[in-house]
């Protein structure tokens, strides 16, 4: 089938080229094929990159043309209309749509956007200069910290010696100089405070924190594995999606029945893993006995927890946005670089700064993958409500509210899925507006978060010896550990495996989207994320109960995973910059095959890890220590 489609497409292009040559020539004979860039320029022609912005996904080409025309000429509305008529006259789209039922292409509402690959870099402005200054400041403060600290130590010794002479004089003159001595002690304290704040920038302190593994609660060892596996899945899944959008369409279609495509699509469940982990650790930290007592005494303390959360994320988030929108656009070139520039555009950055970019229903994204941070922040704010009730009223009401939030968000997601007829995850990815209407919204991504929140509350109570459902289950499991672990592992793997592989029959019949009843597909789409969270919860129970084994302690807590866990936040912020940047640098279209995907993944992962370590050492760790110092100063002075 693929060969027939390719033949039809080539015939259509031959007719098209006969009509417009020698004035212009498309870069290839397949959807999204780029080429001829250097050859075109060497022969004295001009090259324009073309984006056909249409549903369900855009298509890309290169156009080699006479110097009598410019890119601005091609962007003229009348000429765009002529282009549409010319392409429709070939009959290529009709033949394509007859053969394919999964993707329907129409040029009626499409926009033809032309880019000049030799001149699409924007002019550097004040924000570019500010970003360079900010990055330079972090590097200087971190690298030259030891020298400045030695100077400050010297000054401190001078102050102390002067203070000693004052004390000796006080012994002779009794009360004459007592006020001067008190003033001098105040100066010493100020110097020590400055030194402590300045040490936050120490590269040595950042290195020790990053490469030193401390033993905390070993019952949470499985969580480090979850976070690390989720991080690796995020990179794999995002690379797959971005390669699919910019690679050869027919090669992608040829892979739709393969196990490769099935596993790649399932990588998107990594986001639900992070939401579940976010809910669990939010509860584990917020519902600590000392913090509950603080809120019970003063309900306004809850805003301090929110401030801590914002300050923990916001500074690194801002730096990452500045790097992607102000610096990265200047480091690439080539006929496909405009694809990356589209992702680095940041006209609506104010939405990201106040964590509401996911609430809009347009496609004007700044830092497109930042929607997760906004959704997570909104879910965290909602978790403060049960925390407040837990402190002010009682635990039962708080847990009832968490369960209610889980049920409400799951109901909203299910209704939206049924109304919009969202199909199985791989098919839903191509449905119009699914991403901005459903995928990024807190009221549809809430179930995994609230399930993790509920489990975190129960585990915190278990750690503090409070009786609850989890403590009674622990007592029951201690008497029959082997059977309990076997039950949890088998049931957890069956649930996750069923969601992961269960839609395989529908995948093999992807051309007939009604192979499964649409209602069943919509319900599957609505509940699959909660199912992943339930499976993760079951797999976690033996570890939470202290039942250590080779899986939850040795494998899930190995030092490689623990290290990736430490840089996962920095890695998430910059991983898409690496993926977009690398794919945009190709002068020719990369193939959509296992070899290409695997090779790109290894390269992207390696570069992301290196850049994450640098970002963590020079930016995240110093800012985190500053935030901790600020919070201690504000709430413990």
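Indices start at 1 and increase along the chain as displayed.
Cβ coordinates come from backbone N, Cα and C, glycine included.
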Given ranges 348-368, 369-389, the stretch to which TrEMBL attaches the annotation transmembrane segment: 369-389
The transmembrane segment (523-546) and the transmembrane segment (443-462) contact flag, 3+ Cβ pairs under 8 angstroms: yes
Leading stretch by Cβ pairs under 8 Å, where the reference is the transmembrane segment (268-287) and the options are 126-149, 369-389, 401-423, 443-462: 443-462
Folded-back contacts onto the transmembrane segment (126-149), same chain, C-beta under 8 angstroms, at least six residues removed: 195, 198-199, 201-204, 206, 319, 322-323, 325-327, 330, 617-619, 622
For the domain 'Acyltransferase 3' (224-615), mean pLDDT (0 to 100): 91
